[in-house]
Amino acid sequence: MATETLTAVATAGGAGPRRSRGGIRSNENLAGWLFVAPVIVILGLFLLLPILMALWVSLTDWNGQGSPFTGNVPFVGAHNYTQLFTEDGLARRDFMTSIRNNIYYVAIVVPAQTVLALGLALVVNNRMLKGKSFFRSAFYFPSVTSSVAISVVFLFLFANSGAVNALLGFVGIDGPEWFADSRGVLHLLFGAVGVDSPPAALTDGGPFGLTWWDWLAGPSVAMISIITLVVWTTSGTFMLMFLAGLQNVPVTLDEASNLDGASRWQRFRYVTLPMIRPTMFLVLTLGMIGSWQVFDQVYVMSQGDPAKTTLTPAYLSYRTAFADFDYGSGAAISFVLFLIIIVLTLIQRRALAERDTDRPRRGWWRRRVPERS
Amino acid sequence: MAVLTDRPAAAPARRNERAARTLATRFLGYATLVFFGLVFLYPFVIQIGNALKTEPDAAANPLSPFPDPLTLAGFERIFAGTNFPLWLGNSLLVTVLVTIGRVFFDSLAGYALARLRFRGRSGLFAAVIAVMAVPGVVLLIPKFLVLNQLGLYNSYAGLVVPLLADAAGVFIMKQFFESIPVSVEEAARIDGASIFRTFWSVVLPMAKPALITLTILSFQSSWNEFPHSLVSVQDPDLFTLPRGLADLVSGSLGKGTQYPLKLGAALLATIPVAIIFVVFQRYFVRDANDGSDKG
């Protein structure tokens, strides 16, 4: 980073005399642009231009016939957006259902994968255990395989006569028909304590066209199998990040607190956890950003079924455009999703900036600890 | 480690207690490792086992890794009854082209951003970083729009060209080129080599570790790429493996049946990445750690 600022200053300062020196510098200017040109063209053409084009389409009623940029395409202004938020109808109900599903999905996936990843990292980081590199690879392997191929395997695992139900059968539980069961797990819990039919207050109304009872359904049984799959595939990646973070915790610090009589839990809570806080923040925000984009698994495993309980905004936007040929609404949904993810990314950026200001303090610890022990 | 064991214990009783605790911890540690090792690997074992089973056997004993009887019928049907060979060919073609393109274009751009002084460089770098944050899934419809407008929809070009460069790869290469001492290039420059020549014959050969990392990552991600093929082609002749697999599962064959066939096809799609992973593990791990460090 330091060299970058230095050269930046040098470039800025050399702006005047550059021409008079001629030769090499102007050469570099041309070469520089030539070198980056392919990347600029590809990223510009397939990343930036698409966003602008989609912004336009989200303001129209384009049905996929011909070009969306001719005068024949009906311009509807913000209608595609108001349809999602304010107008009572199927579009809003589906969109809000997908938002509800994704909120529950995020609420389970993010904590579960974070706890699992941290737990695995702590075990793999244990100095007393041998053969750790094998297990580290084993935990990480699912993360590098194809999401489609893995979804196929999990379809089999969660099939009615699949491995998961066979396992449940060993402990005497009659497993559900995972991908046909649209019951929300919170509804099932309510049912277990005798609340089978919702009180009128919950069915009468609720925000955005869904009743309170619908909002409170929880993830469906079918969604649980997708959640299991995702937690299983992503924990390995986050485990590696935690491992990198744990390696920054000086061993002497842990030993010093051990000598001071701190228990294992105390050392974790008051020494390790504060030291890996930046990694924790990174994992949490990356997890949230990723969780709002769940698509492949939904496409392969459930296509939004049963009863729309695995519908997510990403899949809904795809389906609205490419199955219902309502490209305007589809694009509008993806822009709302874009907004959600950008907000999360900004939070992440702030967390990272915070992490950089953490560095001096880490150095301070390092210098302090040997003195004490 | 040494510090811990050399430390004199206060009393033998405490030493015994500590030894017992260490033993218990170690046992618990291994138990956790083995348990989660099974959780993370057994699904693949089941996949292999059931791909070699008959249909009724797979339905009756899904947990067992041992086929009884063992049969290759599933694989025979994959090659005879599906378009698997076609998908495989398409995947290979796309993966090779995308990987070559990414390694070359990302290195060029990474080198320019790390070393060449040109106007607008820092702005460009900021743009590359910003682009890395664009969520892929919201680009599905937009990408389709552009491919359609450019006349690339439903063509090999549509499958390949949009993936030929990626911001993360540019970032990896830039970081690496910055770590190479400038003096190396200066010698070449003084000898009269052109900028491209210096890049190609002097600096690039030194960047081997980064190039290997980028090659592996590009291979892995383009081999597994699914959403892009979903919006760039429609013609079954242009399906790649993940696309064909998804079609196989959710399409014509329907759900709940033909598991040996489907698991076998998924297995064949996993094998190349699995081999690369086993051989080049440390490059994957390095990337994941780089990822946690990028700002």
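Cβ from N, Cα, C; glycine included.
Note that TrEMBL annotation is computational and uncurated.
TrEMBL has this to say about the protein:
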TRANSMEM  B:27-46  transmembrane segment
DOMAIN    B:88-280  domain 'ABC transmembrane type-1'
TRANSMEM  B:92-112  transmembrane segment
TRANSMEM  B:124-144  transmembrane segment
TRANSMEM  B:156-177  transmembrane segment
TRANSMEM  B:198-219  transmembrane segment
TRANSMEM  B:263-285  transmembrane segment
Counting Cβ pairs under 8 Å to the transmembrane segment (B:156-177), which of B:92-112, B:124-144, B:198-219, B:263-285 comes out on top? B:92-112
Are the transmembrane segment (B:27-46) and the transmembrane segment (B:198-219) close enough that 3 or more Cβ pairs fall under 8 Å, when only pairs 6 or more apart in sequence count? no
What residues elsewhere in the chain lie close to the transmembrane segment (B:27-46), defined as a C-beta under 8 angstroms and at least 6 residues from its ends? 62-63, 65, 270
